[in-house]
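Feature annotations, reproduced from TrEMBL:
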- 1-261: domain 'Glycosyl hydrolase family 59 catalytic' (DOMAIN)
- GLU110: active site, proton donor/acceptor (ACT_SITE)
- GLU186: active site, nucleophile (ACT_SITE)
- 269-384: domain 'Glycosyl hydrolase family 59 central' (DOMAIN)
- 465-589: domain 'Glycosyl hydrolase family 59 C-terminal lectin' (DOMAIN)
Amino acid sequence: PNFGASLHILKVEIGGDGQSTDGTEPSHMHYENDENYFRGYEWWLMKEAKKRNPKIKLIGLPWTFPGWIGKGENWPYDYPDVTAYYVVSWILGAKQYHDLDIDYVGIWNERAFSSKYIKLLRYTLDKHGLQQVRIIASDRLWEPISFVLLIDSELRGVVDVIGAHYPGTKTVPNALLTKKKLWSSEDYSTFNDEVGAGCWARILNQNYVNGNMTSTIAWNLVASYYEELPFGRCGLMTAQEPWSGHYKVEAPIWITAHTTQFTQPGWSYLQVDGHLEGGGSFVALTDGLGNLTIIIETMTHNHSQCIRPPLPHYSVKPQRATFYLKGSFYMVETLQVWHSRLGFESGNSSLFQQLHPVNVLEGSFSLDLNVDEVYTLTTLKTGQKCGCPEPPPPQPFPSNYKDDFNIRKSEFSYLKLNSHPVIVNPKSFLTKIAVLHREYSSIYCLLKKKKDSLLVKTPNFSCRVNMTVTCDVYIEKQRDGGVFIAGRVDNGGIYVRRTKGVFFWVFADGTYRVTSDLAGEEILMKGLSGVRDNSWHTLTLNIQGTSASGLLNGYPLWENVTISKPSNGWAAIGTRSFEFAQFDNFHIE
């Protein structure tokens with residue numbers, strides 16, 4: 001609290017073993033009889049957040065579900081009792097194993113909802129003593145959830161918040177008629193330069209001014225994934241070099257502070273017309289105990305466009321604005337002032353600077369507002385802009401990288417940042433890819449091809465042209481199992497299906513292939529390798545200029561394959577389908 005972004009809410013994914021934009025988060029239940037509440041980074045992240053702000057609100061939302069929930073059908077609502085048990089188990093596990101109290105839970109990210117399931121979820125929560133956990137629905141659009149709430153009184157009784165994604169600061173009449181709390185439960189998602197900061201400043205205010213939304217949640221928290229992945233640098237700040245420790249506190253952090261350092265959950269918005277005559281907006285909030293915070297933004301159209309939805313044209317001009325404080329606020333004599341100016345023309349932004357207090361005379365004060373500015377005026381004196389040490393300098397990724405996947409002190413290794421769920425074999429410390437079936441995926445259903453390959457991408461080699469990739473592999477699936485190593489991989493995340501590169505495959509039937517795509521359709525070379533399942537083999541892929549060659553167990557297997565494109569990219573390992581496979585002694589030069 002009162003430091004940096006001073007966040008009020010942390011919303012995390014309930015991992016479901018499925019691709020959910022920039023990687024896959026592991027489920028706490030890969031199978032019906034499997035429970036593990038230590039997989040993935042979200043538990044760690046929630047605990048770290050609570051250490052810093054014990055009052056931070058926690059939200060869990062599934063993006064995907066493991067395939068067993070549908071009992072063979074690609075739908076989580078056919079057996080709503082199973083899905084409710086699965087979600088409630090995650091909430092109970094958060095408390096039992098990490099002493100984390102989840103405050104809100106969602107339904108299914110940007111997919112259909114089921115009224116029957118939502119009611120059963122409430123019943124299951126209550127049966128397990130989780131009456132304090134509130135339900136958000138439906139993390140998609142305002143409709144049809146708002147209309148259904150109006151006609152279904154039982155559902156209206158169990159849904160606490162209507163959450164919409166990327167509402168463009170607007171709501172709909174039916175949502176207002178429900179009298180429910182309205183939240184923009186996912187928003188922003190914009191490159192975190194000054195324009196991203198302008199987007200964030202505008203919607204933080206105008207989501208309430210135009211749409212009566214009392215919470216706005218940014219996707220995502222910190223851009224800690226490779227910038228060339230989908231929605232690169234769409235976080236409030238950037239930390240994408242774990243090998244150097246370098247990070248950058250971007251402008252959206254300080255735009256956030258204008259609101260979060262001077263309000264708290266439980267404060268109330270004052271019902272005023274927040275549109276400024278010369279363009280821009282303001283909101284006013286109070287804690288009900290005499291404190292007042294006013295946040296003003298004057299973001300111009302071209303300097304505040306979010307990634308979505310399209311922003312209709314409007315104009316903002318320099319103006320003098322006069323504010324009148326009435327009622328109990330009439331007695332306020334001075335207000336503390338914090339100011340940001342996004343310097344699009346000069347390139348020099350001034351972020352979250354404390355100015356001289358403003359004197360309030362007989363309940364009024366005036367401000368000269370320029371364009372692309374944010375002001376906070378508040379009775380609180382707790383604001384601060386930290387004097388923090390400089391982060392470590394950026395460094396290129398090491399030109400010689402090895403990973404034997406052994407468990408050490410670190411909770412994460414670089415490779416696993418964008419990997420599918422892994423099972424660690426305690427005897428040999430091998431990485432074992434552990435998705436055995438299709439999961440239900442959110443937003444983008446990319447699991448349509450007959451051969452669904454898994455891809456584990458390695459640290460950022462997007463600038464690398466020449467490379468040698470080596471890895472020990474162990475195929476477990478008999479007859480049609482297979483694995484690959486790859487280089488110059490040009491796509492990942494939700495766009496993985498279109499991935500091009502150089503892929504060196506070996507299969508359990510003793511054959512090999514070299515393809516220029518993950519789908520395995522563009523074959524550059526094929527033949528016999530002698531590889532079999534349940535045996536260790538060492539694969540080496542060497543790419544130099546326009547030529548590639550491959551070694552098996554240190555001996556040449558194929559060579560002089562001509563590579564046209566991509567001209568650069570990542571290194572990768574993966575499997576032919578949803579199957580068990582093991583990888584060890586991964587090495588890139």
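Backbone N, Cα and C atoms are what each Cβ position is placed from, and that goes for glycine too.
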Rounding to whole Å, the Cα atoms of GLU186 (active site, nucleophile) and GLU110 (active site, proton donor/acceptor) are apart by 10
Of the active-site residues listed (GLU110, GLU186), the greatest number of other CB atoms within 10 A surrounds the CB of GLU186
In the domain 'Glycosyl hydrolase family 59 central' (269-384), averaged pLDDT is 97
